[in-house]
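According to TrEMBL, the protein carries these features:
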| type | residues | note |
| --- | --- | --- |
| COMPBIAS | 100-109 | compositional bias 'Basic and acidic residues' |
| REGION | 100-127 | region 'Disordered' |
| COMPBIAS | 116-127 | compositional bias 'Basic and acidic residues' |
| DOMAIN | 142-181 | domain 'RING-type' |
| DOMAIN | 270-418 | domain 'YDG' |
| REGION | 426-501 | region 'Disordered' |
| COMPBIAS | 443-468 | compositional bias 'Basic and acidic residues' |
| DOMAIN | 514-570 | domain 'RING-type' |
| REGION | 601-668 | region 'Disordered' |
| COMPBIAS | 610-626 | compositional bias 'Acidic residues' |
Amino acid sequence: MAQVSQLPCDGDGICMRCQAKPSDLETITCKTCVAPWHVGCLSNPPQILASTLQWDCPDCSPPPEDASLPPPASCPLPVTPSNDLVAAIRAIEADASLTDREKAKKRQELLSGKSQSEKDDHDANEKRGDDVLDLFDERLKCSFCMQLPERPVTTPCGHNFCLKCFQKWIGQGKNTCAKCRCVIPSKMASHPRINSTLVVAIRMAKMSKSIISGGSQKVYHVVHNLNRPDKAYTTDRAQKKGKANAASGKIFVTIPSDHFGPILAENDPERNQGVLVGECWEDRLECRQWGAHFPHVAGIAGQSNNGAQSVVLSGGYQDDEDHGEWFLYTGSGGRDLSGNKRTSKDQSFDQKFEKSNKALQVSCLNGYPVRVVRSHKEKRSSYAPEKGLRYDGIYRIEKCWRKVGIQGFKVCRYLFVRCENDPAPWTSDEHGDRPRPLPAIPELKKATDITERKKDPSWDFDENDSRWKWSKPPPTSKKSVEPEDSTSGKKSRRRMRQSHNMNVRERLLKEFSCLICREVMNLPITTPCAHNFCKSCLEGAFAGKSFLRERNSGGRALRSRKNVMACPCCPTDISDFLQNLQVNRELLDVIESLKSKIEEADASEKPCEDEIEGEGEEEQEQEEEGKDGSNGNEISRPVETRKRAKVVVNGGEENDSPSSPVHVDDLE
């Protein structure tokens, strides 16, 4: 009974027997289970100091054998831990090659009963290269759903959660972080921003695993547009008014202004990659240069008799609702923009299905693809970019109708649903969209002039190819386009091949770059507006600036005023955040692990490169010997080559003249 009554200390260091908190001198630790015990409550404490280093607690030490006492009939199994388990734990502690962290991990696996088969499967996955996704899974889990964050949101204290989990937590009236209980700013709680850097990194990690398992080798990479093209220009007269009267720069894509659907690589001679989902631009003029949306000001690009090609979500109407994969869009018109009222947002008459609104209705009836661009001006949406404009892919208009808007006048409404082969910029999915059921729209009950498509759409999902494509011929363009010279795209194609040959881990590290120094982040900091910087870079950007500004008037001191410190990448005020910078530890662990993995891979690949170089030198020597021959005589291979040198050139004429050399590589 004495042994049963002996209890260790709990997690707070309080003895579970006497309910007192012993000091460090009165506490002893078991060498096997590493549990703390109160020396004063032990029935048989160690007598000498040397024995405390090899002391086993009553739970880990076998009881003394007493032949006079038979075992209880109601307990045929021993109540003490298995000798095999204790021996295994002691073997782990005696292994000098393991660190303290590795020993603790092995003890935890042993006590949790993890099977050897699961361990073997994990080791096999690491050998196949799945450790990149495992690394993310261990360090970036959402604390609510215990999964990789879906549409991740990073709090100012450096913890990552899913957007839905975070909104559900805030909706319960909680204003503190779920992990560290730090207070979350009210502005971030009401309008959380998706961390686009984590979205891209998680997606690339998932794609690396699918490539290893035999899937597609296409890696969806968000373009940061570092090599900017020629920008729009302004005259001396218009510089004071910004870009209101600016002239558009060069159009870099070979598509007409009434082009429907995505912009493919064949229409992009400058980079030979097309306009990718997630590509960003500084303003509407630069967006026009890449063909995503041609109008400078108007939010709808289209013709009433042909259809609409693209729209921009910029928060111009209060009725708009953005849900990411689908949104409700309000048509144009209904405002008096005459005279000096060009920027008026007050509606003064009803909208009708005419002009641009008619173009959207035509696209709805025919199921045409519509390019969608989101602007940072849409402040009510969690899916808008932090800065500039972003191309979010292809959408299709499923329904359109008219209803009485918030300002009391009728507006044209359109239901857009995403139909894109590439994943959205705010998700970590490995693939694009699949056909989904239409959402329930409560306002349709009071709507009028409802328009629905009765025939098959022109842009539809092909089950055989598992992708969205044209099911009918696209509308013919009524505007011409001047062809571009494709010779300037050679360097860009070479850069693309080099980027595809980069290691997955290296590409991931490239995504974790500071927005100030453009290098891999050192002590990463995530601002409330979801931008990532090095801690030193962010502190250096505000060096010498005070948080408060002292004021006085006529020798009389006034109340101090807080200085506004805007984020280096957006106008968000982060002065409160700068007073207590918290390093994103989860992101830091991922970056350090990726660096160590790359160093290990480089060390293992170096011997292989030496072997390849040796083989290449041998092949080069053999080729030189074949070209020289012996005593000026030709060897057999050039003779066979010369027989095959009759080729068709110049529109069908045969040419086997010896004056026109033919290379062996070209013939093979």
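Counting begins at 1 with the first residue displayed.
Positions of Cβ are set from backbone N, Cα and C atoms, glycine also.
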Sequence-remote partners of the domain 'RING-type' (142-181) [C-beta within less than 8 Å, at least six residues beyond its ends]: 136, 188-190, 192-195, 198-199, 202, 382, 426-428, 525-528, 530, 577, 582-587
Beyond the flanks of the compositional bias 'Basic and acidic residues' (100-109) by at least 6 residues, Cβ under 8 Å: 34, 89, 92-93, 119
Same-chain residue ranges lying at least 6 outside the compositional bias 'Basic and acidic residues' (443-468) that approach it to Cβ under 8 Å: 261, 353, 361, 364-369, 394, 396, 398-404, 410, 413, 419-421, 432-435, 474
Three-state composition of the domain 'RING-type' (514-570), taking helix and strand from DSSP: 7 helix, 21 strand, 29 coil
